[in-house]
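S.K.: Relevant sequence annotations retrieved from TrEMBL are reproduced here:
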type    : residues                                         : note
BINDING : Gly14, Ala15, Gly16, Lys17, Gly18, Val19, Arg117 : ATP binding site
BINDING : Asp36, Arg136                                    : substrate binding site
Amino acid sequence: MSKSKRIFIVGHSGAGKGVFAQAIAKKLGWKYVDADFSLAPSIGRPLKEILGEQGEKAFHKTQTDILSNLANQDNIVVTTDDSIVCDSNNRDLLSAEFTVYLQVSPKVQLERISHNRPLAKVNDYSAFLNTLRTERDAFYEQVARFSLSSDDGDIDGHVNSVVKAFES
């Protein structure tokens, strides 16, 4: 199997996937692709509730189509929607690529999200985010070849770590 020429970034909303992916793309001289829709954290409800059963299936099918297309492109760094790992087809595709799980603690996640976008009207937004963590953390770990925490904000150091791991 030939070496992958693309990097996918997965993780929770507020992890800093976009900033991180752009920095990796710049370091490698590659293109940055934003495939992050962040529906659930923006709206404050689970995808199934937002889209309905068929809508959620169609949403994941669209994600799979986008991932499949991107997996055929070279020299790209891709951010993904935080729900991407909820679908087994997407997990299979991500597992075949160099995928980085950008972790973030609940405290830092809530701080970042509240600064970057208005929080959805949810009784307990922290509890909502913890529910998403329970649903998704194991899936992120399953697809990732490399994981690191973004809590310290050391973008340059983390970029160097990812590039080194990718090139080895």
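Glycine is treated like the rest: Cβ placed from N, Cα and C.
Just so you know, TrEMBL annotations are computer predictions that nobody has curated.
Please go over these features one by one and say how buried each is and what sits next to it.
M.R.: DSSP assigns Gly18 (ATP binding site) to a helical segment in the three-state reduction. When other Cβ atoms within 10 Å of the Cβ of Gly18 (ATP binding site) are tallied across all protein chains shown, the result is 15.
Mapped onto three states, the DSSP output places Arg136 (substrate binding site) in helix.
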S.K.: Suppose we draw a 10 Å sphere around the Cβ of Arg136 (substrate binding site). How many other Cβ atoms does it contain, all chains included?
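M.R.: I get 19 for this one.
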S.K.: Near Val19 (ATP binding site), which residues of its own chain have a C-beta under 8 A away, given they sit six or more steps off in sequence?
M.R.: Ile155
S.K.: Gly16 (ATP binding site) has how many other Cβ neighbours within 10 Å of its own Cβ?
M.R.: 23
S.K.: Given Ala15 (ATP binding site) and Arg136 (substrate binding site), what distance in Å do their CA atoms have, once rounded to a whole number?
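M.R.: Rounded to a whole number, the Cα-Cα distance is 14 Å.
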S.K.: Across all chains shown, how many C-beta atoms besides its own are within 10 angstroms of the C-beta of Gly14 (ATP binding site)?
M.R.: 24
